[in-house]
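Participant: Features from TrEMBL:
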COMPBIAS  22-33  compositional bias 'Polar residues'
COMPBIAS  34-47  compositional bias 'Basic and acidic residues'
COMPBIAS  48-65  compositional bias 'Polar residues'
DOMAIN    350-406  domain 'MIR'
DOMAIN    416-472  domain 'MIR'
DOMAIN    477-534  domain 'MIR'
REGION    18-65  region 'Disordered'
TRANSMEM  208-229  transmembrane segment
TRANSMEM  241-269  transmembrane segment
TRANSMEM  299-320  transmembrane segment
TRANSMEM  609-632  transmembrane segment
TRANSMEM  648-667  transmembrane segment
TRANSMEM  705-727  transmembrane segment
Amino acid sequence: MAKKKCVAQYNEECSMLRNRRGQMNTGEQSPVSTHHESTQEDDRLSEGDSQSLNGTSAQHDQGIYSPNNEAQSTAFFLLVVLLSFSTRLYKIMEPPHVCWDETHFGKMGSYYINRTFFFDVHPPLGKMLIGLAGYMTGYDGTYPFLKPGDRYEHHNYWGMRGFCASLGSCLPPFAYLTVLELSQSPTAALITAAVLAFDTGCITISQYILLDPILMFFIMGAVLSMVKFNRQRYRPFSTPWWFWLVLTGVNLSGALGVKFVGLFVILLVGMNTAWDLWSLLGDLHLSLIDFGKHVLSRVFGLILLPLFLYVTIFAVHFVVLNKSGPGDGFFSSAFQSRLIGNNLHNASMPEYLAYGSIITVKNLRIAGGYLHSHWHLYPEGVGAKQQQVTAYLHKDYNNMWLVHRSNDSDAQSGEPDLVRHGDIIQLEHKETTRNLHSHLHEAPLTKKHFQVTGYGINGTGDPNDLWQVEVCGGRKGDLVKVLRSKVRFLHRATGCVLYSSGKTLPKWGWEQVEITCSPYLKETPNSQWNIEDHINTKLPNISLSVLKPHFLEILLESHIVMIRGNSGLKPKDNEMNSKPWHWPINYQGLRFSGVNETEYRVYLLGNPVIWWLNLVSLGLYVVMVAVASLALRRGVQLDKRRIEHCRVLMEGGGLLLLGWLLHYVPFYTMGRILYYHHYFPAMLFSSMLTVHLHPKMNFEIGCSLFSSSVYICFSLCLSKPCSFYMFHPLSYGMRGPLAHDPDSTMAGLKWMDSWEF
């Protein structure tokens, strides 16, 4: 009886609420305020009676618009789509040559078409999609993408550029829908879309074969899906509720599958979900069983499903790239044995190391490289001026070494003697005939270690060429197994151990990895090696097919290689290195193509009017939220409309501010090289946050100063098309005199000396 009475009371309140909505819709109040007042009423219903009905959900009307308002919103959306696609696809074939990082990602798309294995510091989804787009539009994967400026000639590149531009064109419509959900204002949503549609930086970065438009597509897709899912909170476990939950998870896996920057949007969605669950836990009308259902559904949609899709991306990646290629050397010998065309694939070689063998020695640290030497000497002032010894990540003839006895008396006939644990050997470089050598000079980069060089000639050197072989975990007399044994090389004269530091040498070392002799004898992968290639015609061979690793092993190894590769991206000599504080102020752009008057020049730079407005709005938003919070805290008398406006300002705007912080602040902690384009995901959030200060939604709480500031800001916003017209040559290409020349088309527009167009 109590339950029936509760249901009846609930239905009566819903009926009264609908009547009030009808009265308000016929009055003078705006559709926005009508929706927000009804939302407040629905909040009280859903937090009370509706959730006590054991599965009966409140029939909460969301996004109530009048027919005119719905028509206006639809018209605005279609206008945004038309504007976005037209600005991104315009002159998509220009310039007809390789621009900036197209040399990397276009080449990687070709690798997928040719099924050639390569290494990149980013997860594979973006490159896979680029390769698929090229394949579907007739590109045959034969263009080499050697360097920026190389002309495409007859090669079909429009499909890959068009695919990236199409995904970049989705950003303004996604922003429109996101702000529409957060603010319920079609006008505010239209301004947001215009900000992104007229931004020269967003246009430029969308028009080329790059990962950025693909990454931002998934980031904005995840944010839009999350906001849509939040709007379904009053219809739990309904079809739309499940649809937006699952779509959020799909977009999260897509963002992370393109770049590890996708972790930031995963963190944003995770924090939003945690707050949502915390609110549900505080609802005493919700049973613990129902709360458990909410938790499990989110675990499925936002953790298990994205994880499954992410792993599936790598499964497809490993299946497609099954041929040996330039990335082999970054991975372990066992990993390489699965690649068709690799010298370890279905190969056979002698099982045990012997004197007189020709070998390659690979460091067990992921991306530790092969023991390598070449004719170049260490420069003056870097230890002894002897032949360089480095670690090289690629297979090369200069990785070959001859194994000699310490007394240089290898057996000349019959069965060669096998190398055993504890033996003392010499390693002679096959190409230069110099011995692997160490002495008490400090290493080039790791100053507490000793230098390793090539010394002597034709195998003749001195006692500093002697190394003791140590099989990790072995005993005296144990044999050294090719590929299987973990081996260390202890220097007899100094007692140090051969070591790959993982540090990249300067240009004099050809940017290869530093090799040292470490006095610290603790066993680590940096000091452990395995014998990979082994040539000795006097020994019988065995098959290496038993070495192929299983999927989880190669998945784990690939992630370790990517993470270490990412952290190893350090600024090179004289290379432009952007800093995070440069980005919000639009301090310096990035040259995509051309450097002089005769070349076709494209310059990545955000529309300065938009970017500086975004920067001002960030500070203004913080001040307005502080004033609104203070007014509410002090009990200032506000009508329902203004209270609802404050809620939208703090909740919707707070979500966007958090998104900006998560996609911007972490870059201050990164030691790797950074570029201007890393800011663009954060710029999407700052642009949407700017429009939360739209005058139709000004959250006036008796402080005309802030309302006036908002109107001033959005008066400036009207200049977006004008500023776009002035700066559009940055995106669509320039020829002729540079900006400092009065005859230049960009004369007078170089507002900052750091701009280089």
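Backbone N, Cα and C define each Cβ position, glycine as well.
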Participant: Under the DSSP assignment, what numbers of helix, strand and coil residues are found in the domain 'MIR' (416-472)?
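Facilitator: Residue counts in helix, strand and coil order: 3 helix, 29 strand, 25 coil.
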Participant: What does the DSSP secondary structure composition of the domain 'MIR' (477-534) look like, as residue counts for helix, strand and coil?
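Facilitator: Here the numbers are 6 helix, 27 strand, 25 coil.
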Participant: Below 8 angstroms Cβ to Cβ, which residues of this chain, lying six or more residues outside the transmembrane segment (241-269), approach it?
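Facilitator: That would be 122-126, 211, 214-215, 217-219, 221-223, 225-226, 228-229, 232, 235, 297-298, 301-303, 305-307, 309-310, 313, 562-563, 566, 655, 658-659, 662-663, 666, 678, 681.
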Participant: I'd like the per-state residue tally for the domain 'MIR' (350-406) from DSSP, helix first, then strand, then coil.
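Facilitator: For the domain 'MIR' (350-406), the helix, strand and coil counts are 3 helix, 28 strand, 26 coil.
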Participant: With a Cβ cut-off under 8 Å, give me the same-chain residues at least six positions beyond the ends of the transmembrane segment (299-320) that come close to it.
Facilitator: 112, 115, 123-125, 128, 242, 245-246, 248-250, 252-254, 256-257, 266, 269-270, 273, 551, 554-555, 558
